[in-house]
Amino acid sequence: MAQKIMSLQNRKNQKRRFIFLFLLPTLICFFLFYFYSVVTIFLTSFAKWDYTNLNTPEFLGFDKLFENYRYVFKEYPFFTEALINSVRWAIIGVIIQVPLALSVAITLSKKLKGWKISRNLYIVPSIISSAAMGLIFLQIYNPNYGVVNQVIHLFNPSFKDSVLLTPGLNIAAMTGAYIFFAGASTIMILGQIFAIPEEVQEAAILDNITGWRKEWYITITMIKGTIKTVSIMAATSGFLLYNEVFFLTNGAAGTKSISFVIRELAVASSRTQYARANTIGVIQILGGMLIIVCINILFRERKRLKGGK
């Protein structure tokens with residue numbers, strides 16, 4: 001009996017060792033490329049690090065510990081604009097991209113004629129790089145021959161400006177360049193819908209729960225965890241938006257984002273202000289964490305309210 005127990009214990013220990021060995025490469029990569037980088041960003045946000053001391057960041061001292069943060073919030077002219085735009089794109093991602101992905105996934109789950117072809121066509125834009133899509137939309141928004149301006153001319157013949165440089169229109173135009181490409185989110189939701197047990201679907205039909213009521217009370221309820229994950233992905237993608245800003249407007253006409261100003265300070269600036277760029281990077285990391293917390297609270301609150309009914 002004791003030998004059997006020892007044998008089982010040895011197998012468990014061996015299994016744990018195999019699990020650890022398989023996880024080890026991922027853990028090493030995580031600490032080398034993510035954890036180390038994040039710690040470096042936090043530490044150098046309290047340092048002087050620019051073109052005068054590229055190889056040797058200097059600690060600012062406790063009397064000027066938050067000098068870079070003071071500069072970003074009070075002196076840097078584009079931070080507020082970038083923060084507002086990034087938050088705006090994060091919210092738009094949740095309220096437009098997620099419902100769109102959910103609607104398409106539910107439609108595809110009906111397996112209507114040609115649904116596989118439609119699914120594949122819907123995914124195609126998602127496998128094209130955002131840089132290439134940015135260049136495509138740059139032509140679509142071209143003020144001389146772009147499709148969008150041609151449509152605007154039908155209603156306003158005197159309009160000859162670029163929509164990307166027109167305040168009020170440019171944010172909507174840039175949003176349209178990426179917001180409808182929700183292929184990855186759609187596939188995630190579709191896979192979860194297909195994983196719903198047939199018994200649940202049949203029970204709903206027997207209870208006369210059909211049509212939109214079945215989707216609302218059965219489908220969406222069963223895939224709520226995936227919807228939460230997709231919401232986090234959409235919000236963080238919007239908050240980190242960069243390629244569309246760079247390729248479509250290069251940050252002109254009030255379209256800068258947090259990611260864009262980080263690059264602007266770190267690379268595009270002639271003074272190469274690494275420390276101040278990393279300071280905004282810290283704010284971006286904290287903003288991303290706040291987004292995750294808020295979405296988790298939102299879904300937890302909805303669950304609690306439903307449970308109390």
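Glycine residues also receive a Cβ, built from the backbone N, Cα and C atoms like all the rest.
Not measured: the values here are computed from a predicted model.
What TrEMBL records for 20-47 (among others) is transmembrane segment. For the transmembrane segment (20-47), same-chain residues at least 6 beyond its ends with a Cβ under 8 Å from one of its own Cβ atoms are 57-60, 65-66, 68-69, 274-275, 278-279, 281-282, 285.
What TrEMBL lists as domain 'ABC transmembrane type-1' is 83-295.
What TrEMBL lists as transmembrane segment is 87-108 (among others).
The transmembrane segment annotation in TrEMBL covers 120-141 (among others). Residues 104, 108, 147-149, 162-164, 173, 176-178, 181-184, 186-187, 243-244, 246-248 of the same chain, all 6+ positions outside the transmembrane segment (120-141), place their C-beta atoms under 8 angstroms from a C-beta of that stretch.
Only residues 6 or more beyond the boundaries of the transmembrane segment (171-195), in the same chain, are considered here, and those with a CB under 8 A from a CB of the stretch are 85, 88-89, 92-93, 96-98, 100-102, 104-106, 108-109, 119, 122-127, 130, 133-134, 137, 141, 148, 163-164, 219, 222-223, 225-227, 229-230, 233-234, 241, 244-245, 248-249, 254-255. Annotation comment: TrEMBL describes 171-195 (among others) as transmembrane segment.
The transmembrane segment annotation in TrEMBL covers 216-242 (among others). Long-range contacts of the transmembrane segment (216-242) within the same chain: residues 86-94, 97-98, 101-102, 106, 109, 178, 182, 184-185, 188-189, 192-193, 196, 200-201, 204, 209, 257-260, 263, 284, 287-288, 291-292, 295-296, 299, 303, each at least 6 residues beyond the stretch ends and with a Cβ under 8 Å from a Cβ of the stretch.
For 279-299 (among others), the entry in TrEMBL reads transmembrane segment. Listed by sequence, the residues of this chain that lie at least six past the ends of the transmembrane segment (279-299) yet keep a Cβ under 8 A from its Cβ atoms are 38, 41-42, 45, 68-69, 71-72, 79, 82-83, 86-87, 90, 94, 224, 227-228, 231-232, 235-236, 239-240, 258-259, 261-262, 265.
Residues 115, 118-119, 122, 171, 175, 179-180, 182, 185-187, 189-190, 193, 215, 219-220, 227, 230-231, 234-239, 241, 257, 287, 291, 295 of the same chain lie 6 or more positions beyond the ends of the transmembrane segment (87-108) yet place their CB under 8 Å from a CB of it.
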